[in-house]
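Report on one structure; see the data block that follows.
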Amino acid sequence: MAALAPAGPRDAASAALDELSLNFTYGAPGVGNGSLSGAWYRRNQIHLFGVLLAILGNLVISISLNIQKYSHLQLAQQEHPRPYFKSVLWWSGVLLMAVGETGNFAAYGFAPITLIAPLGCVSVTGSAIISVTFLKDNLRASDLLGMTLAFAGTYLLVNFAPNITQAISARTVQYYFVGWQFLIYVILEILIFCILLYFYKRKGMKHMVILLTLVALLASLTVISVKAVSGMITFSMTDKMQLTYPIFYIMFIIMIASCVFQVKFLNQATKLYNTTRVVPVNHIFFTISAIIAGIIFYQEFLGAAFLTVFIYLFGCFLSFLGVFLVTRNREKEHLQQSYIDFGNIPGKQMLDKIQPDSNSLSYGTLPDGSDSTNSQSGEKKEV
């Protein structure tokens, strides 16, 4: 009997291709692609579970952000406020944030990146709804329109996102990791990142677009590594142990490193610019980079029909527009009209507060010690 020859690189590549052919079942006949049929639900149960995890995770994140904001407001009203990290309420918000991010992390193990990443709009719209009831914020007409558009976009995303079924094993990740598509993508991304970093560090250009583009480039690596790590953990729990492969720890290191630097540049953007400008732009940049990463690395639109792709992109556009309308001018409503109070100035006695006129060249009027002061209209005002 002839001895079996050891498996070579060609055999390993063939095995990987065979495994991928079993994973990709996009466009199979009779599955009801792009329609909410009973067959579609049966076909996409695992994806819908990932969608549910992502939606619940984003809603929990919305609740956590509002709890942390409420704790800061409570501490600011105290006569001797203590540090926020000593507040039980603030730590409750942090704990909920961890729970929500865990749900998002797990969702990538059950559904494609191009389906999970755009669902971040749920966090923004959910935060607006919760802030109306919890923080007594005003509900504007643009909020209602934005929420409606975001929900319509989410419906289209869930219905027309790629419904491929992939078992993310270590062999699958290795095959994608050395593919020419991903290598070209990484080289281009590194070049763009270095150019932007040069303008940011050397030239001192800290424009919001530059900062958020750096965040988006790192986010693409984050979602690729997050799906790889989450998918291999899920595969280990349902089929065969994958955590002994070196690719798992390579992806884990990429995930942690990209998250750390991503948070660094995002914090820099929030320090320099208003949150109402950073949030919608960051959501758009992050979602676009995640979609591109899913298409290139995991080939999630392989075999998709043109109409399906078009409706999916239209759903993304609706969610982007909804996030913009919800966040537009929201911070300005919380700005209180300031005034100058001279009641505590030693040697001066004032009976009222002087309201400044921001449209005038003189921002408030100082008393001159006489029995009357000139108002900005030129009339005498008795003190």
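Positions of Cβ are set from backbone N, Cα and C atoms, glycine also.
According to TrEMBL, the protein has these features:
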TRANSMEM  46-67  transmembrane segment
TRANSMEM  88-110  transmembrane segment
TRANSMEM  116-135  transmembrane segment
TRANSMEM  144-162  transmembrane segment
TRANSMEM  182-200  transmembrane segment
TRANSMEM  209-235  transmembrane segment
TRANSMEM  247-266  transmembrane segment
TRANSMEM  278-298  transmembrane segment
TRANSMEM  304-326  transmembrane segment
REGION    353-383  region 'Disordered'
Whether the transmembrane segment (182-200) meets the transmembrane segment (116-135): three or more C-beta pairs under 8 angstroms: no
Outside the transmembrane segment (46-67), six or more residues from its ends: residues with CB under 8 Å to it: 89-90, 92-97, 99-104, 106-112, 115-116, 119-120, 122-124, 126-127, 129-131, 134-135, 158, 161, 163, 165
Stretch in 88-110, 116-135, 278-298, 304-326 most in contact with the transmembrane segment (209-235), if contact is a CB pair under 8 A: 278-298
Ranked first among 88-110, 116-135, 304-326 for CB pairs under 8 angstroms with the transmembrane segment (278-298): 116-135
